[in-house]
Amino acid sequence: MANSPHGGVLKDLLAGDAPRHDELAAEAETLPAIVLSERQLCDLELIMNGGFSPLEGFMTQKDFDGVCENCRLADGHLFSMPITLDASQQVISDSNLKPGSRVTLRDFRDDRNLAILTIEEKEAKLVFGGDPEHPAIKYFNTKVEDFYIGGKIEAVNKLNHYDYVALRYSPAELRVHFDKLGWTRVVAFQTRNPMHRAHRELTVRAARARQANVLIHPVVGLTKPGDIDHFTRVRAYQALLPRYPNGMAVLGLLPLAMRMGGPREAIWHAIIRKNHGATHFIVGRDHAGPGKNSKGEEFYGPYDAQHAVEKYREELGIEVVEFQQVTYLPDTDEYKPKDEVPAGIKTLDISGTELRNRLRTGAHIPEWFSYPEVVKILLRESSPPRATQGFTIFLTGYMNSGKDAIARALQVTLNQQGGRSVTLLLGDTVRHELSSELGFSAEDRHTNVQRIAFVAGELTRAGAAVIAAPIAPYERSRKAAREAVSGLGGSFFLVHVNTPLEYCEKTDKRGIYAKARRGEIKGFTGVDDPYEAPENADLVVDVSKQSVRSIVHEIILMLESEGYFDRL
């Protein structure tokens, strides 16, 4: 029999509200609407299908405060992650939303009405401290709107999915599936990465020790920027399944938006798997860790997550399986947890960074590390040969610094090289074609650069070479552009055209600097608006000291050293 849900009752709102579907659907058409983002859709889906039981809606202030302060909902139930719905001041004002209002929650992808929220509270967004490099803090600072609105949900329609539909089990469906298979003890395994031989060995060990079966339950909602896309990962999981003994493992997909919250996230993940019927949950090394902070240090200790779930072991109601990192023993061709390996025994490991480098460069990945069928999928779909991958060259500098001339010359050189299409995004062209309505305020300049980054990222992902040459005077804009392109799997090279301002003015044949000095042009970079020199440029050049030809050659050499041209 499957594990009981967290709180004792599975809050399957879709099933509970089904008898009132026609009534709710009709009402939803008459109400003001909030169009949900991708992350909000992930949260709503797991509220409506019971994955977040005992929640029945988005948190109110008391629940939010209790969860943030001591991992407790207002009713005392353990819950470690705030689940909130944010909305802008404009949405609040336009729809006159206040406590007691009912509002439709709508899917941005197909404009379908999904649920009705009865607002219990509306509160201004709190201000949080924390390291700005943490994904959750970064999301909060850049994406979250002005207000939180909380209240109970009434389900109208389930979300439509068009990928891997047969693998998307709701908690109720997964419980029925376990019952059909006759499974009574289920070990759930959480992952946002491809699985390799070590993961197979770890999950089989856990199942063997507890006489259980395995639920491979990867996240296919929002994960960490730069992660391998879920389409590729699911194909890799499917290729791995036959490596388990027949009937031991099932693959199910979880539409979760991860927060990379380490210890708190581990507790949350355990609750979610309990709601899906699992009796055991694996928590490994650095569970849901976001990587390094702004000081280059890990946000959490490697086993902080294990300590957190151990603290609430009895209350969680799901047995947590704690594992050390496993390592390969070549002399016996087996994997063992590191704490079980005797001193002096030879071990082999490939780090995540090294694996990504090998995939990117096509270097050999040994069978002791991963299965050939998994590697084949990853190489073919997530890491094609470097010489066929796209990239973005982002030139930044003062107006008339020479970046446009460099960009045009580089475009010609890359076209002659062949092998990929080349797109040129000059600052003036983008301003005319994509951003004609924008001015030159700091926010408009930032928006302009983000539009360039969006276009560059999509083209780079498709295998093109993109040369962008805006002034891009602000560090935050350039950093966001790098993250946008890299987040889509593309390589981003920042070239600082560090031509001195005096030289730019002296060689300005159009007289634009002179107009700015006379006050005829306001907010001009270098005159009455600052240019923030890049902190982490991949290449620094100077047209006052170098020819355009030599600078283009430097860029080509940089690309060649990274493997972007065929090597015979």
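Note that Cβ sites are derived from N, Cα and C of the backbone, with glycine treated the same way.
Residues Gln190, Thr191, Arg192, Asn193, Gly284, Arg285, Asp286, His287 are recorded by Swiss-Prot as ATP binders, and the candidate that the same record lists for that site, out of Val144, Val250, Val326, is Val326.
When the C-alpha distances from Arg192 (active site) to the binding-site residues Gly284, Ala288, Val326, Thr429, Arg445 are tabulated, the minimum falls on Ala288.
Local packing around the recorded positions His196, Arg431 was summarised as the count of other Cβ atoms within 10 Å of each Cβ; on this measure the leading residue is His196. Counting only same-chain residues six or more apart in sequence, the Cβ atoms lying under 8 angstroms from the Cβ of Phe323 (site 'Induces change in substrate recognition on ATP binding') belong to Leu202, Arg205, Ala206, Ile282, Val283, Gly284, Arg285, Pro337. Annotation for Thr429 (3'-phosphoadenylyl sulfate binding site): no spatial neighbours, criterion Cβ-Cβ under 8 Å with sequence separation of six or more. Ranking the recorded positions Thr191, His196, Asp286 by the distance of their Cα atoms from the Cα of Val430 (3'-phosphoadenylyl sulfate binding site) places Thr191 first.
Mean model confidence of the region 'N-terminal' (1-162) amounts to 90 (pLDDT, 0 to 100 scale).
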